[in-house]
Amino acid sequence: MTPIDAKRPLQLNDQGQLRHFLSLDGLPRELLTEILDTADSFLEVGARAVKKVPLLRGKTVCNVFFENSTRTRTTFELAAQRLSADVISLNVSTSSTSKGETLFDTLRNLEAMAADMFVVRHSDSGAAHFIAEHVCPDVAVINGGDGRHAHPTQGMLDMLTIRRHKGSFENLSVAIVGDILHSRVARSDMLALKALGCPDIRVIGPKTLIPIGIEQYGVKVYTDLTEGLKDVDVVIMLRLQRERMAGGLLPSEGEFYRLFGLTTARLAGAKPDAIVMHPGPINRGVEIESAVADGKHSVILNQVTYGIAVRMAVLSMAMSGQNTQRQLDQENAQ
């Protein structure tokens with residue numbers, strides 16, 4: 001296994017093209033816009049009788065999910081299949097990692113299968129970055145979510161949802177509500193919104209679920225839902241991540257819903273044409289009431305549809321960036 005050249009930006013090739021997709025941190029606005037534009041072009045594929053394009057024909061994409069996720073894994077599988085790639089999905093519950101094998105050893109064995117791309121989801125922050133640093137240079141790595149750190153494809157599908165429903169980001173007010181502390185989605189959304197020029201990004205939640213120093217992301221912090229939702233264009237609700245919480249951060253789910261649950265009455269404080277989003281899975285009656293989740297403002301199911309197109313864009317762009325870098329390396333070696 002040969003590490004990537006330390007002088008080269010890990011996510012980009014020498015021409016500034018995507019070769020891994022690990023985080024939205026530091027990626028230029030132009031590249032994020034290119035991902036959105038490419039995803040827009042792929043939405044048409046989903047409406048065809050034969051939902052395939054040959055961009056990744058002959059390539060193998062390996063989904064390595066050390067953490068459960070039905071929605072993310074399924075959309076990555078569909079995205080790769082629609083690009084005509086061969087797809088392998090590792091069932092971690094029956095893999096050698098449950099028998100004590102290290103992440104590094106698992107990586108080496110997967111690499112021996114000659115996959116061209118790994119889509120990695122892991123409960124430890126930085127796992128995808130570690131794999132990208134140590135994998136064979138020809139293999140692209142996509143972060144499907146790592147700990148509390150990042151979920152870049154979710155961030156981009158959220159941006160595509162906002163752009164398709166609201167157009168430009170430059171005059172929007174966006175509220176992110178709920179368990180900010182444990183949410184990799186919140187971090188990715190904040191980075192993307194800032195990079196794309198959104199002037200008013202708000203985070204709303206109890207003090208115990210808002211990270212210290214979050215203002216560095218360029219956001220306004222609210223601990224009152226009614227105040228925070230005033231005149232917003234977009235509301236992004238987050239799931240309470242009980243599995244990541246230590247005791248004492250939250251009195252009860254009922255108390256959270258009483259203070260921070262999105263109801264029809266509370267949504268009335270937002271703009272009349274506001275949209276409501278949620279990365280899923282939804283906890284009805286905890287962070288959102290059914291009348292809102294299923295109502296006219298909800299674009300939650302649209303997010304799922306757009307997610308396939310965004311992941312098609314990321315897979316195809318990263319594979320193209322790897323191919324370009326391989327050609328550059330070969331030319332430089334001559």
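Each residue, glycine too, has its Cβ placed from N, Cα and C.
Binding of carbamoyl phosphate is annotated in Swiss-Prot for Arg71, Thr72, His151, Gln154, Gly280, Pro281; the matching candidate from Arg48, Arg108, Arg121, Arg258 at the same site is Arg121. Neighbour counts of Cβ atoms within 10 Å were compared across the binding-site residues Thr72, Gln154; the minimum falls on Thr72. Gly280 (carbamoyl phosphate binding site) falls outside any helix or strand according to DSSP and counts as coil. The CA atom of Arg121 (carbamoyl phosphate binding site) is located 12 Å away from the CA atom of Arg184 (L-aspartate binding site). Here is what falls inside 10 Å of the CA of Arg239 (L-aspartate binding site) among the binding-site residues Arg71, Thr72, Gly280: Gly280. Classification of His151 (carbamoyl phosphate binding site) by DSSP places it in coil, neither helical nor stranded. Largest Cα-Cα distance over the residues recorded as binding carbamoyl phosphate, namely Arg71, Thr72, Arg121, His151, Gln154, Gly280, Pro281, equals 16 Å.
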